[in-house]
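Peer 1: Input: one structure, supplied below.
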Amino acid sequence: MATDNHAARAWRPKHDVPDVRPADARKPRKMAGHLAGRAWHALVWGLMAFFLLNVMLLIATVAVNSIATRWFGTPLPQGFTLHWYAKAWADFQLASVLWVTVEVVGAVVLLSIALGVPAAYALARVQFRGKRFALLVFLLPLMVPPVTYGIPMATVMYKVGLAGTLPGVILANLVPALPFVILVMTPFIEQIDPNLEAAARIFGANTWRYFRHVLLPLLVPGMLAAGLLVLVRTIGMFELTFFTAGPSTQTLVVALYYAVFSTGVRAPQSIDAMAMIYMAITLVWVVIALQFVSPTQLVSRVKQERQ
């Protein structure tokens, strides 16, 4: 009997055995994990800092060279001047180029919102056969490179006489801009309670008053976010504009390409000045747009929907 009791006490499940190791024996393992985490964070931040530093050095080099009288074989330029900015402004006819860019960007933003919001409302509210296929067709320009549909589109425009004209450039840039608006606005419309429209009807509001006083204020953040995306994309859209623009309808990014292509004919400082003008104008547009919309709005909306 004593032997059986001793065997029963000896056999015990492993999970009942307490951890009798001293606390000092578990510290090295925790310290190793902590050091590994800190090393990983340091590596990530170091790579990001290295990338940003290289970008800033490249921008600084272009900026200094654009105002340098002569910079070759010396740590710093021999002198500074704004002559190259004036020369770039005159040689590349930047006044007309900037005006064309403003016209194209403004028209594309307004048309994409005017056409994209109703399309997004239909996709969010109306249930019909082939809805997923229609959404796929709308988003197709975002899934393929612009060159794949830009060349056939430019060919058609040349046949119908739209190539080289301002409406042709606007139409070409509208093709990838419209899916952006639909992609951004559809979640905004889906999260709006459909019962609001029924309540507005009960209180005697017609379609226009419901849209103006109820729906439109709720859609303004999404419309501003979509406009920001379209604005930035249209300023930098090179392929479609290059295929469809003419000598009098070039936007700033196409003019910059021709400036870089003319290296050897014009002074490098003039080309660098052109690049700095393009960068400064793009940053100004983005900063102005960010005064009206926060880039975190879409993220916060998605988080609210998940909660």
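Backbone N, Cα and C define each Cβ position, glycine as well.
Okay, these came from TrEMBL:
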TRANSMEM  39-72  transmembrane segment
TRANSMEM  92-121  transmembrane segment
DOMAIN    98-289  domain 'ABC transmembrane type-1'
TRANSMEM  133-158  transmembrane segment
TRANSMEM  170-189  transmembrane segment
TRANSMEM  210-235  transmembrane segment
TRANSMEM  241-261  transmembrane segment
TRANSMEM  273-293  transmembrane segment
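Context for these features, please: burial, neighbours, distances.
Peer 2: Outside the transmembrane segment (133-158), and at least 6 residues removed from its termini, the chain residues within Cβ reach (under 8 Å) are 119, 123, 168, 171-172, 175-176, 178-180, 182-183, 237, 239-240, 243-244.
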Peer 1: Is it true that the transmembrane segment (39-72) and the transmembrane segment (273-293) have 3 or more CB pairs under 8 Å, sequence gap of 6 or more?
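Peer 2: Answer yes: the transmembrane segment (39-72) meets the transmembrane segment (273-293) with 3 or more Cβ pairs below 8 Å.
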Peer 1: What stretch, picked from 170-189, 210-235, 241-261, has the most CB pairs under 8 A with the transmembrane segment (273-293)?
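Peer 2: Out of the listed stretches, 210-235 contacts the transmembrane segment (273-293) most.
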